[in-house]
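Novice: One structure, as structure tokens, below. Some questions next.
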Amino acid sequence: MADSLSTGSAEEKEKEGREKDKKAAKSEDSREPDRVTVTPSFNEKNGGSKTKNRNLADLSLFRFITTELTRGYFLEHNEAKYTERREKVYTCLRIPKELEKLMTFGFFLCLDTFLYVFTLLPLRVILALLRLVTVPCCGLSGSRLLQPAQVCDVLKGFIMVLCYSMMGYVDYAMMYHLIRGQSVIKLYIIYNMLEVADRLFSSFGQDILDALYWTATEPKEKKRAHIGVIPHFLMAVLYVFLHAILIMVQATTLNVAFNSHNKSLLTIMMSNNFVEIKGSVFKKFEKNNLFQMSNSDIKERFTNYILLLIVCLRNMEQFSWNPDHFWVLFPDVVMVIASEVAVDVVKHAFITKFNDISADVYGEYRASLAFDLVSSRQKNAYTDYSDSVSRRMGFIPLPLALLLIRVVTSSVKIQGSLSFMCVLLFYLGMITLKVLNSIVLLGTSCTFVKEANMEEKLFEPPPSAASSRANSRANRTKHVHISPQGSLAHCSRTATVQRENSDSDTFLTTPDGDDDDKIINADTGLEEEGLKQRTPKKDLLEIDRFTICGNRID
């Protein structure tokens with residue numbers, strides 16, 4: 001009886017507990033109507049496990065391969081990126097054509113300057129000497145004996161005559177056998193050293209010649225600030241002679257490479273061109289730097305052509321001018337030229353790709369070179385065109401012409417009146433080639449200048465010393481915003497700001513109209529308008545220095 005009562009009381013307690021739980025659940029539902037509590041039943045749990053097993057079954061190898069083979073994507077979702085990549089490819093494809101246009105135009109500019117030394121310069125020297133003799137005899141004491149251009153021509157003629165007489169004491173055959181006795185690795189190192197020395201000589205040589213020309217033609221009213229004409233003349237003679245010897249050693253080394261049995265030296269020298277790609281492609285280049293490199297490549301290619309001509313002349317002389325031997329040399333000549341062209345194309349293609357430079361920039365370079373030619377034909381021209389090309393490209397024709405004259409006179413024997421007639425006809429042919437080349441170049445240059453809208457710059461007066469000083473003073477007093485904390489820093493940065501507007505490159509310059517209106521913060525070196533980073537705004541016409549060894553524009 002007691003057991004039945006106890007079990008009954010236990011059941012009642014369980015019922016009361018269940019009712020309390022139901023009431024508590026209902027009260028929670030009434031308090032949080034948004035909250036839904038779902039208690040999954042047993043069947044629902046079984047259904048979830050089945051769908052989970054089905055999803056795991058879908059992740060099979062066959063399903064993965066099918067997805068990889070059939071999945072797609074849409075390139076138009078990133079249209080700008082792919083359009084830019086396509087334009088880069090088109091730019092690389094345009095580079096060979098545009099580069100060779102520039103190289104061809106520059107080659108004929110160098111050829112025109114080179115032929116000038118052989119054709120018109122001797123005639124101009126003769127006319128200057130005749131004027132020097134006839135003016136005192138005619139009693140024209142009040143007039144000037146020689147014009148500045150004639151003085152420069154006479155100096156060039158004397159330099160060529162003295163250096164040619166000094167070159168007569170250099171034995172080419174002894175130099176050839178001395179170089180041929182060296183090992184291949186030594187010759188490779190020697191050739192690289194000669195290339196570097198040639199660039200150094202070219203960089204400093206035109207400055208020596210310009211200093212001589214200005215010292216000889218400087219007005220007498222000005223204060224004497226030089227060491228004299230004779231020391232400058234001796235320095236110029238020494239420079240031209242040493243540079244000619246350097247090019248002779250370079251041509252002799254190339255001749256040894258052509259005459260080697262296994263052609264190993266020639267292969268190593270050609271592979272040296274591809275090392276140039278490694279040293280140039282992965283550097284940052286602006287338009288001005290690329291212009292300097294292009295001018296250097298033009299000068300280097302023309303110099304290599306003259307060196308190959310000298311090698312062919314020396315080899316043909318050794319084989320008694322047998323035409324069959326020329327066809328033996330011809331494959332090696334073509335191989336050297338082809339490697340040079342290929343290296344230039346690859347180098348410029350990747351430089352323009354990595355630096356986002358358009359292929360149209362080579363048209364601007366052609367216009368700048370054409371502007372030099374057209375401006376040198378004006379009445380108010382301040383320099384000869386040959387000197388302008390020397391400053392622009394680093395190509396100095398005097399040493400190379402001197403070496404070619406030395407090789408030709410030693411290789412070709414002139415005997416009899418018939419030989420003199422042949423020489424005279426050859427000279428007249430060179431004059432004809434020079435005149436035709438100049439006419440074609442002048443017409444082509446005028447076309448390039450018109451296309452680039454640079455005609456107005458031709459009528460600007462050349463910069464004078466007074467105007468250059470005034471411009472330098474104006475640049476020094478340019479409006480600069482200096483904070484109180486940056487007054488000391490401004491003093492240290494003044495030289496950097498002035499270096500961008502130096503007066504050494506005032507040839508053919510055009511002032512930038514919007515530079516003076518901008519305010520520069522001396523603390524940050526940034527412009528106030530949008531705080532854009534300052535970059536040197538140099539026009540291509542301002543660059544008349546040399547490629548590697550001159551004043552670089554970084």
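Note that Cβ sites are derived from N, Cα and C of the backbone, with glycine treated the same way.
Automated prediction, rather than curation, is the source of TrEMBL annotations.
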Novice: Which range, 102-119, 336-353, does TrEMBL list as transmembrane segment?
Specialist: 102-119
Novice: Looking at 305-322, 395-412, which stretch does TrEMBL describe as transmembrane segment?
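Specialist: Transmembrane segment, as annotated by TrEMBL, spans 395-412.
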Novice: Considering only Cβ pairs under 8 Å, which range in 102-119, 158-179, 395-412 makes the most contacts with the transmembrane segment (418-442)?
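Specialist: Looking at each of 102-119, 158-179, 395-412 in turn, the most contacts to the transmembrane segment (418-442) are made by 102-119.
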